[in-house]
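A.B. asks: Once you've had a glance at the structure underneath, I'll fire off some questions.
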Ligand SMILES: [Fe+2]
Ligand SMILES: [Fe+2]
């Protein structure tokens, strides 16, 4: 099975880049399942039901989110109604939505996707490590193919999660920083890992935001309303090849397309 994992999709430029790249990659690389992080699709902040449906229509089977999951209030109900839209599993009990889902490829193979969020320089929520062990054990009763989206700021926290789950899950892929890291690897016990997949959105920007606005905020330390940048875009993803029966990763390819 081949799973394409797309990094944080930022605003309209990100959605356009997905629309362009996904059909091509699915055909050329025989992709079975596409997943992507949609926490920034709605003008950089959050996701709406309409935009989630748009991403599903573009071929995404599962949408993960993160700290921006709750930015659009119209999505709150939708999180509870749409099982393929995830929020981090380590939010406290009672928060709307789900942190994991099991989907099936066209070939009938099952894939579990689990979303976690780190706590270093992030909202303080339940322990992602303890949640991971509990959730992975539960998901593995349904399928051994498990991909974890670890949404976190600190590279160390993401690496720790990769090694903590090494041999237990198929892949741990990082999101949130919007900058792709060049450290894709198969860890010693067989789990594929990358610290951050990177952003899919406007290239000439500060992590997707109009650069002038971000610079002004750094210069003045005053609140600034951020807007998504325009211009050429970058598409960032990884392609995970795996043995779905054993849940083992075979390869991880890093993808970065400029257009
Ligand atoms: Fe993001
Ligand atoms: Fe984030």
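Glycine is no exception: its Cβ is also placed from the backbone N, Cα and C atoms.
Predicted automatically and left uncurated, TrEMBL annotations should be read as such.
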A.B. asks: Which residue of 178, 204 does TrEMBL report at the same Fe cation 1 site as 8, 39, 40?
C.D. replies: 178
A.B. asks: Highest CB neighbour count within 10 A among the binding-site residues 40, 67?
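C.D. replies: Result of the Cβ crowding comparison: 40.
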A.B. asks: In sequence order, what residues of the same chain, 6+ apart, have a Cβ less than 8 Å from the Cβ of residue 8 (Fe cation 1 binding site)?
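C.D. replies: Same-chain residues close to residue 8 (Fe cation 1 binding site) (Cβ under 8 Å, separated by 6 or more) are 14, 37, 39, 40, 66, 175, 176, 178, 197, 198, 199, 200, 201, 208.
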A.B. asks: Can you tell me which of these binding-site residues sit near ligand 2, meaning the Cβ is under 6 Å from at least one of its atoms: 39, 67, 176, 178?
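C.D. replies: List returned for ligand 2: 39, 67, 176.
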A.B. asks: Who sits close to residue 151 (Fe cation 2 binding site): which same-chain residues at least 6 apart have their Cβ under 8 Å from its Cβ?
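C.D. replies: Long-range Cβ contacts: 37, 39, 64, 65, 66, 67, 88, 115, 116, 117, 118, 174, 175, 176.
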A.B. asks: List the residues in the vicinity of the Fe cation 1 site, defined as same-chain residues other than 8, 39, 40, 178 with C-beta within 8 angstroms of the site's C-beta centre.
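C.D. replies: Neighbours found: 7, 9, 10, 14, 37, 44, 66, 68, 175, 176, 199, 201, 207, 208.
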A.B. asks: For Fe cation 2, what surrounds 39, 67, 151, 176 with a Cβ no more than 8 Å from their Cβ centroid?
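C.D. replies: Output for this site, in sequence order: 8, 37, 65, 66, 68, 69, 88, 117, 122, 152, 175.
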